[in-house]
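Feature list (source: TrEMBL):
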- LYS26, 72-73, 99-100, LYS103, HIS105, 124-132: 5-phospho-alpha-D-ribose 1-diphosphate binding site (BINDING)
- PHE34, PHE35, THR128, ARG156: orotate binding site (BINDING)
- 52-160: domain 'Phosphoribosyltransferase' (DOMAIN)
Amino acid sequence: MKAFQRDFIEFAIARGVLKFGEFTLKSGRISPYFFNAGLFNSGGDLAKLGRFYADALVDAGVEFDVLFGPAYKGIPIATTTAVALADSHQRDVPYCFNRKEAKTHGEGGNLVGSPLEGRVMLVDDVITAGTAIRESMALIEQQQASLSGVLIALDRQERGKGELSAIQEVERDFNTTVISIVALADVVAYLQEKGGHNADIDAINTYRENYGI
Ligand code: OMP
């Protein structure tokens, strides 16, 4: 695990974003942990969050032309990542986001910010089944842009519809790379390092036996 990954897990736990217990997911699965990125909800949190996304992106070394944050949760994430790339990595990268409702007056359309063109890096919080990503792909294809990669905070490393993980399905279906700041395996390694989390680790291991890849 890299230093920024350990720091990110610590940050997510401290802010109550990463929690252990019993949670029902969108898929109906009962999960022993949950990642609620909406709880990164202050200016300081967002500034820090952007630096973690930017670090993961630079570390992965995937080339792209524009950052795209799908509405709604992707919008602040793409914005803060763009700021962190400029501030901490001297990379002034264009970014854009979509509206859920298309505007019929004024500038019209449903895209805001830089044009969505060239190689797109899509930025979001979590992929579970990949529903949100599939919706954004339609938009990217409409603009004749191409998807260079997807950048998320946490890879839950669980099965999608078949034997592959939802993330592997996205990578296969869209011929792209999914970059995550951390994966579930990193969370487990962190808990092991810290000690005193045996019940959480056991519950995660059982969950991974059922739904993991
Ligand atoms: P997909 O659009 O199906 O990939 O699911 C992503 C969504 O899952 C997120 O936008 C959340 O609503 C939800 N989610 C989390 O945010 N964190 C988790 O740890 C797990 C889920 C989930 O319900 O699977």
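Including glycine, each Cβ sits where the backbone N, Cα and C put it.
Just so it is clear, the model here is predicted, and its values are computed rather than measured.
Location within the structure of each feature annotated in TrEMBL.
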residue : record                                              : DSSP class
LYS26   : 5-phospho-alpha-D-ribose 1-diphosphate binding site : coil
PHE34   : orotate binding site                                : strand
LYS73   : 5-phospho-alpha-D-ribose 1-diphosphate binding site : coil
LYS100  : 5-phospho-alpha-D-ribose 1-diphosphate binding site : strand
ASP125  : 5-phospho-alpha-D-ribose 1-diphosphate binding site : coil
THR131  : 5-phospho-alpha-D-ribose 1-diphosphate binding site : helix
ARG156  : orotate binding site                                : coil
Task: Between LYS26 (5-phospho-alpha-D-ribose 1-diphosphate binding site) and PHE34 (orotate binding site), find the distance joining the two CA atoms and give it rounded to the nearest Å.
output: 11
Fewest-neighbour residue among binding-site residues, criterion Cβ within 10 Å, set PHE34, PHE35: PHE34
Message: Please report the distance from the Cα of ALA129 (5-phospho-alpha-D-ribose 1-diphosphate binding site) to the Cα of PHE35 (orotate binding site), rounded to the nearest angstrom.
response: 15
Query: Hey, of the binding-site residues listed (LYS73, LYS100, ARG156), which one tops the CB count within 10 A?
result: ARG156
Field: Output field, orotate shell: CB within 8 Å of site CB centroid, site PHE34, PHE35, THR128, ARG156 dropped
entry: LEU25, SER31, TYR33, VAL126, LEU154
Message: Between LYS100 (5-phospho-alpha-D-ribose 1-diphosphate binding site) and THR128 (orotate binding site), how many Å separate their Cα atoms?
response: 21
Statement: Across all protein chains shown, the binding-site residues THR128, THR131 give the max Cβ-within-10 Å count at THR128
Message: Can you give me the same-chain residues 6 or more apart in sequence from ASP125 (5-phospho-alpha-D-ribose 1-diphosphate binding site) with a CB-CB distance under 8 Å?
response: PHE35, ALA37, LYS73, GLY74, ILE77, ILE152, ALA153, LEU154
Task: Counting other Cβ atoms within 10 Å, pick out the least crowded of the binding-site residues LYS26, ILE127, ALA129.
output: LYS26
Message: Over all pairs within PHE34, PHE35, THR128, ARG156, the annotated orotate binders, what is the largest Cα to Cα distance, rounded to whole Å?
response: 11
